[in-house]
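Visitor: Residues or ranges marked as transmembrane segment in TrEMBL: 36-56, 63-91, 97-118, 130-154, 166-188.
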Amino acid sequence: MHISEGILSAPVLFSGAAIAAAGTAVGLKKLDYDGIAKTGILSASFFVASLIHVPIGPSSVHLILNGIVGLLLGWAAFPAILIALMLQAVFFQFGGITTLGVNTVIMAIPAVICYMFFAPLLKKKPVIAFSAAFACGAFSVLISGLIVAFALMFTEENFLKVCGLILAAHIPVMIIEGVVTAFCVGFLQKVQPDMLPRHFSETRIREKKIFEPTGVANANE
């Protein structure tokens, strides 16, 4: 879903850069020391997943993983995605330096939105948590596609047909991303709940503490 250089108008580029800078500043402010390693891992995962892409007009179709990145990082998704996109632009000429801000907005804003809406649902029943994770992966791609469409339409009305093609091409990606996100969350719930949003991991810790005294008492008896 990278937008190449030389396509967008200057106002769109400047607006994207300003929003990306603001989001990155908030993300860095909210990023604590313990979350640096997780942010690096997810940034690398995003970097690799979005390398394999199929060009479609001025954009491209590929796995994004911004849903799971946003779900696990929250606002820290902004710096994670920004770094990955910058490395792709420098080393592989995907996207570009001038479109770095817009491309960051395209992928990071949906990540943060999905974090706000779906992260609280992870502490619900397993079926609800699984459904929320699937919706997170799918909707993050949909929102990214809509932002791409708006960026192109604000640049040139003739891009309207291309916008429809881009959105249609990402329907299979929405389903795949939903499945990947759901299974990633299910796996992390079982083996590494600390990687999930803080309110979910804290709930799991409280549940363990409730049952620990009984187990210890029985062991002592």
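In case you wondered, yes, glycine gets a Cβ from its N, Cα and C as well.
Can you tell me where each of these features sits in this structure?
Guide: Nonlocal intrachain contacts for the transmembrane segment (36-56), taken as residues 6+ away from its ends with a CB within less than 8 angstroms of a stretch CB, comprise 1-2, 62-66, 68-69, 72-73, 76-77, 79-81, 83-84, 87-88, 92, 94, 107, 162, 165-166, 169, 195.
Counting same-chain residues at least six beyond the ends of the transmembrane segment (63-91), those with a Cβ under 8 angstroms from any Cβ of the stretch are 1-2, 20, 23-24, 26-28, 30-31, 35, 38-40, 42-47, 49-52, 97, 100, 103-104, 107-108, 110-115, 118-119, 122, 133, 136-141, 144, 173, 176-178, 180-181, 184-185, 195-197.
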